[in-house]
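Heads up, the thing below is written out as structure tokens.
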């Protein structure tokens with residue numbers, strides 16, 4: 001039912017971490033800022049290495065570079081305002097700024113989903129059809145696949161942002177989160193949001209279930225091909241090229257599915273925040289981990305090993321923070 005005699009909202013306030021004590025907020029600020037800087041530097045290192053080393057000018061590393069760029073933009077869309085909110089918890093955000101944040105969050109988040117799917121297809125072609133790999137995964141095809149992923153992200157984001165901010169927001173202006181998210185914004189609308197929730201669910205299915213299904217099919221075919229390899233060493237190398245990508249896929253789609261595909265009745269504010277904190281800080285560190293071993297068994301360069309060490313540090317920090325967050329919530 002629409003709410004009558006209400007004033008339309010022009011700005012929102014994030015509830016974020018307002019329930020925590022000030023000393024806890026300062027600890028979170030230091031941890032988040034450190035992880036944020038490590039994330040940015042780690043992605044820049046990866047992009048620089050791929051750009052400078054001509055041996056890495058392959059489809060696999062092209063998509064890795066695109067994923068690093070996308071993850072960097074995704075992180076920049078969320079974390080800076082969250083850090084500001086930890087120091088100034090009562091800082092409002094204008095509806096236009098909230099819409100902008102949601103747009104970039106959705107664009108690059110959805111782009112990440114489809115880039116991971118494309119990377120799975122790349123591994124499928126490399127292992128199941130190696131003789132035609134260079135023909136199928138040519139420069140033009142790689143650019144088209146990367147552009148298609150971004151195009152889908154832009155299209156889905158426009159649909160979602162237009163759907164959400166076409167609603168009236170009256171009286172209620174406190175978002176029970178630390179960034180502008182579709183599910184939490186819909187709760188503040190002073191009108192029926194059934195259609196919007198259906199749109200959100202359909203988009204979530206298209207962005208999560210469909211890519212997950214494609215990745216699953218790719219890996220079924222990949223595993224069946226690997227098992228046919230006579231050499232145990234050959235099987236090991238083939239599995240190694242896919243293991244890190246598969247790990248990232250499970251974490252990425254797993255966290256996103258828990259947040260966006262579960263029924264509204266099972267939505268838990270504390271659980272959503274915990275998963276979102278882990279997701280937004282953990283996922284951006286992962287592109288650097290999707291570095292399959294060279295099929296020829298060559299060792300990574302010193303720069304690549306350094307980048308991986310930085311990522312390991314980031315992942316340990318994220319895991320430690322998540323544990324602390326659970327205990328303090």
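All positions are counted from 1 along the displayed chain.
Note that Cβ sites are derived from N, Cα and C of the backbone, with glycine treated the same way.
According to the topological domain annotation in Swiss-Prot, residue 54 and residue 261 sit on opposite sides of the membrane.
Check Swiss-Prot against the ranges 168-188, 273-293 and you find transmembrane segment recorded for 273-293. Looking at the stretches 141-161, 309-329, the one that Swiss-Prot records under the feature transmembrane segment is 141-161. Listed disulfide-bonded residues: 98, 190. The one with the lowest count of other Cβ atoms within 10 Å of its Cβ is 190. According to its DSSP assignment, residue 98 (disulfide bond) is helical. Regional average pLDDT for the topological domain 'Cytoplasmic' (48-55) in the model is 88. Under DSSP, the residues of the topological domain 'Cytoplasmic' (122-140) split into helix, strand and coil as follows: 16 helix, 0 strand, 3 coil.
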